[in-house]
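Written below as structure tokens is the structure these notes are about.
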Amino acid sequence: MELTAIKGFKDILPDEVGHWQRLESIARSLLGSYGFQEIKTPVMEYMELFSRGIGQETDIVSKEMYTLHDSRGRGMTLRPEATASVVRAYVQHRLDQKGPIQKLFSIGPMFRHERPQKGRFRQFHQINAEMFGDAGPKSDADIIVMAVHLFEMIGISDLTLNLNSLGCPECRPRFREELSCYLKDLSGSLCPDCQRRAVTNPLRVFDCKVESCGNAVINAPSVVEFLCGACVDHFESLKEYLGDAGVEFTLNHRLVRGLDYYNRTTFEIQTNRLGAQNAVAGGGRYDGLVRLLSGPDQPAIGFAVGMERVIALLEEGGRSETKTPGLFIAGMGDEAERLCFKWAAELRRSGIWVEMDYAQRGLKSQMKKAGRIGARKVLIIGGDELARGKALLKDMDAKEQHEIEINNIIEILKKVLNKND
Ligand code: HAM
């Protein structure tokens, strides 16, 4: 059988990696300027973390988790998202005691057993940001402005910010009840999953991809009509902050998001360039999750960016610039080659990209190789040059060459090469 990568798991090849590095580096620098610190959690966690945290009725938990069992039969799951893991780490290490506000970000792979299609993979990567310790609308606005700012810095502008409020434990039960009643009358047109959800978790019907379920909720009651006074005030204030920051948004009262932990603010940043998989980032407030996972009563809000989708948008603008070696060292003859090997190691130690030939071939084929890999300069040294204490430095663009002294050659090369970098 031919060995290939697993379906839905994808290689990121060297000529694609430039955009990934740029995206990560912009994210690290921007999140740092908003006071976020990096956290790295394991890719595998006990299954209950996700079933409890994300919600039993969600597609992620009910259908999409990669779970295996340890020798005692305890389920261990490849993380389908980062929020539950970051909350687990926050609780386990008592990070709330390090300061009232904790801002944490992480970058890494997530795993969901979904049907692969354009923009949807079984292993995908997220940039994930979570902020703990503040319940007010200003932190919602700060997080959303940061997400928008990230896309501005990456250079993607044709995006829409969708915004909603899902209410709180005070007001959401009334909405749930109303929605459940509404769905009961339409039960015949719902898929079997949604017939069950209509009773156990009616908000999840909004996520269902089955056409008749989508049609059934078109005239469903809207969550905003049920918000309590405090939730309305919170939402209004958030909108004002966003207005002050010059961030445009679209109200979308059907935006329930596919995870159960949200309350009040939810948001999604969408593109119309990727077909059905149009969300490039999504997030919201989840004030009850830390408590639900046995932690202190701390409010929180966060979001995650889908990196593959962002890269797909960037790739429409062309592949990222590829780097080329600063120097190729072509040595001929045993003694010269050994010297070249030593010099290459020394120059690489100071961060200069140096290439050489591994096969002890003649000058012609070494020059051919230097040209093929795009080396900007070539250092040539054979028996004659060695005897004269000189080497030849050739500039491949200017097609010029001059001799340099072997004595002190490392310092001379460092100067010449750094000047050109
Ligand atoms: P999510 O909406 O499930 O939220 O995922 C966030 C983003 O990850 C999506 O907008 C999308 O860009 C990307 N994504 C999700 N699934 C896939 C997939 N199968 N293939 C490619 N990209 C995908 C969360 O994960 C929440 N934990 C976000 C959050 C953080 N909420 C609060 N804090």
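Note that the numbers count up from 1, one per residue, in the order the chain is shown.
Placed from the backbone N, Cα and C atoms, the Cβ positions cover glycine too.
These numbers come from a predicted model, not from an experiment.
For the L-histidine site, TrEMBL lists Glu81, Ala82, Thr83, Gln126, Glu130, Arg257, Tyr261, Tyr262; matching the candidates Arg112, Arg174, Arg176 against that entry yields Arg112. The secondary structure of Gln126 (L-histidine binding site), as reduced to three states from DSSP, is extended strand. Looking at Thr83, Gln126, the binding-site residues in this record, the fewest other C-beta atoms within 10 angstroms of the C-beta turn up around Gln126.
Take Glu81, Ala82, Thr83, Arg112, Gln126, Glu130, Arg257, Tyr261, Tyr262, the residues named in the record as contacts for L-histidine: the widest Cα to Cα gap among them comes to 21 Å. In the three-state DSSP scheme, Thr83 (L-histidine binding site) is classed as helix. For the binding-site residues Arg257, Tyr262, the ranking by surrounding Cβ atoms (within 10 Å, all protein chains) places Tyr262 first.
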